[in-house]
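**Student:** Let me begin by handing over the structure; questions about it come next.
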Amino acid sequence: MLDSDYTQRFLFDDTDVRGEWVGLERSYAEVLAKHPYPEPVAQLLGELLAAAALLVGTLKFDGLMVLQARSAGAVPLLMVECSSDRELRGIARYHAEQLAPGATLAELMPDGVLAMTIDPANGQRYQGIVALDGVDLADSLSSYFASSEQLPTRFWLAADGRRACGMLLQQLPADRIRDGEAREASWQHLRTLADTLSTEELLALDTQTVLHRLYHEEQVRLFEPRPITFRCSCSRERSANAVVSLGQHDAQQLLEEQGGAITIDCQFCNHSYRFDAADVAQLFAGAGIEGPSGTRH
């Protein structure tokens, strides 16, 4: 039986198209457990979690991928991080008084932008940005790939506060079909079939069932599922580095302002790291520095 949180790759053997499927339950629930998000926000965040998991499945890299949507509306921030180890976390910011039942993406995030950042452990950081002007997140992500000279890619995403699921189709460079018109016809045919997939089917069915319903007349090769998990990358060491980066003078001042201890809260998982006067003194004694110029974060 499949784990509740997984991605699964598939290929169409007679065409130059690959796909990826994702289903999230436990990791989605852990993200929502950290913050009491209202339904529209939980839905958007779930869709972005699913999208990040799908995208990491198409990349060959060692590092971190970040999807971030920003706006000046009711939902000013959606942010999801997913590592090449398939560990993800996410967060949202919202103005509760501006949330309206049944609001569209454009109403929740007007004039928004969507950024995708790939931060490899070794190599140059890459970031692409596109206007968040699609009818939904799936449409906006598809537009990102269309406008950034990436491989043509389409997304189908759904989330309901309990499950977050999605599917991706991506057209690969010409190999099996080299005629341009035939390639486009094949690509359009597979996309059109995927467009018949309902939100209810996305959320309720597994990969094999969906692929059979959509593509039972196609030659589809399904690969083994790969697990994906929630994990926050915060740590006491990282928080200590943040304290050191303040410089000794500012850290001491903050100690006094906060009543003898500096507390750093992780915005993703709400875990708190507390550093009292003795901890702070030890940090700077170990660093052997006096101020920010000698620190490293």
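Cβ coordinates come from backbone N, Cα and C, glycine included.
Note that the structure is a prediction, hence the values are computed from the model and not measured.
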**Student:** Going by the disulfide annotation in TrEMBL, which one of CYS165, CYS269 is bonded to CYS266?
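**Tutor:** Partner cysteine, according to TrEMBL: CYS269.
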**Student:** Please give me the CB contact count at 10 A for CYS266 (disulfide bond), counting all chains in the structure.
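**Tutor:** So the Cβ neighbour count for CYS266 (disulfide bond) comes to 18.
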**Student:** Just the number: how many Å between the Cα atoms of CYS234 (disulfide bond) and CYS266 (disulfide bond)?
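**Tutor:** Given the Cα positions, CYS234 (disulfide bond) is 7 Å from CYS266 (disulfide bond).
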**Student:** What's the CA-CA gap between CYS266 (disulfide bond) and CYS232 (disulfide bond) in angstrom, rounded?
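**Tutor:** Checking the Cα atoms of CYS266 (disulfide bond) and CYS232 (disulfide bond) gives a distance of 9 Å.
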